[in-house]
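As recorded in TrEMBL, the features of this protein are as follows:
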REGION    1-20  region 'Disordered'
ACT_SITE  Asp96  active site, nucleophile
BINDING   Asp96, Asp396  Mg(2+) binding site
ACT_SITE  Asp98  active site, proton donor
BINDING   Asp98  GMP binding site
Amino acid sequence: MEEDHPQQRGGDGTTSQPHFKASFSNLALQRLSQLGIIKERDPTLLASDSPESEQLEYIESLNPSELPRKYRRYAENRIYANRDTNLEEIHFYGFDMDYTLAVYQSPAYEDLTYSLALSDLVYGAGYPEQLLSLHYDPKFPIRGLLLDKQKGNLIKLDSFGAILLSVHGRTKHTREETRAEYPSLFIPSDQIGTRFFAIDTLFALPQACLFADLVDYFDRSFGYAMEGSSKNEDNHNKQDAVISYSSLFQDMMHAMDNIHHDGLLKKKTLENLDTYIRRDERLPLLLKRLKERGKFCFLLTNSEWLYTDAVMKYILGNSWRDYFDLVIVGASKPSFFSEGTAMREVDLSSGRLKLSVIQTEHLKKNTVGKVFHGGNVEIFRQLSDSQGNDVLYIGDHIFSDVLVSKKSHQWRSLLVIRELNDEIASFIRTKKIRDRLHNLEWIRAEIYRGLDSDSSVPPDAKDLRQHIAETRLSLDASYNVFFGSLFRTGTRPSYFSWQMQRYADLYTSDVVNLIHYPIFYVFSPGIVQPLPHEDQPPEEKWTANNKE
């Protein structure tokens, strides 16, 4: 069946209105004709009465090298797919607020968080006033790290849990130092969340930076007189310890909790919204289009009502609730996706919670304009009539927003990764380094050519291994001097990358990128990176014994 396509993209990137009903194969042929790929003997393929099967077979028969580069949107506007997601099957669009709808300006917001927590440590916990000269360093921390509370290290893992690198304070460990700290070079998953604190949110970046700076300061000021320090253990000076790394962590987290719970961070943010929160005119347009197309839009945030209302008014205007069919604040994610809390309606005039039982059947068609506090996913399902896999939830937290909702309730997920555009820019910029690494790996394969189990003399590859190691370090430093790319170290995928690929159906740099896709778009990862055994050149024989 032919569909009416309202717009057709021309070869120069402009759009024009076609004067015919075009099938998907006819549109593809139009493009090939513009590029001169269709030969003079083939013009009949473009005829409106030409069978679609014939058109499709023609395109299928072409050598892939004859086709132009597959159409893609600009990288900064793209949404990337880990698994097939058909937007026609999505009827419920859910949004987190912090770092999703409300994009905090970096590094201004992280610097504010860092400085307020540091002041709390100095004036509330008796830390030295010299620390007040420290500032947040946006070039230091990345997400996806683990913080070792016992040893004061920041660790980066690969997708299997193996340690890729470790940093103590602001000092990067050598491979030998890392092995001395962690002989197995492996972190058991059951220790993540106990001994090891995950730096998996943008809110956690100031925490990672402040902790590293505190470790650095106390190590330098007291000559490694720190309980838990490997140098301390070597010198048997535990009785001289000033403070343990775990106590540093506890104090730092207590300071972070203080500035959140006493409202100081929120107060400073609301006093300077232009400084700390981005306003994007595309956001109300996106929400308006979703509503016009009959989609159920809901806000699900852990932030409390008064702060949520102030921030949402800033980014969407005083009538911001009109964009949403349901608003839930104080959601307590990830608990929301299990037992949750009691759901209460918010009194919009006072901000207080109403002491009443939520009648889901009564409210099912009457939630627009109302605001609810707490609850759980089962109450949400009753209010919305959602099934689970017809929900797309968009957030920045790989655990609270993506992992739990995906594993427990089959919600589809769109992970917002603010760092993505910088990562892409670095990837493009490092092409020459990656080419060098590819060539070095070619040499490594060549020096083992023809060697089998009968060979007794290994090739001298010491210099080659050194070149490869140095090239990988150069590649990593192009992203971040200390920790490299968010997604890799050298060529090895990171733990963050593994989590993102496993649990996020889609990912992008900004929620507003949804505006660049039609509501019926089908996201697909396409032809994914081959497994090691699938990396076979076409001319290679199946077996050495297979002869023509």
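Note that Cβ sites are derived from N, Cα and C of the backbone, with glycine treated the same way.
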Roughly how many Å lie between the Cα atoms of the residue listed as 'active site, proton donor' and Asp396 (Mg(2+) binding site), rounded to a whole value?
8
Let me know how many other Cβ atoms fall within 10 Å of the Cβ of Asp98 (active site, proton donor).
21
Quick check for the class: what is the C-alpha distance, in angstrom and rounded, between Asp396 (Mg(2+) binding site) and Asp96 (active site, nucleophile)?
8
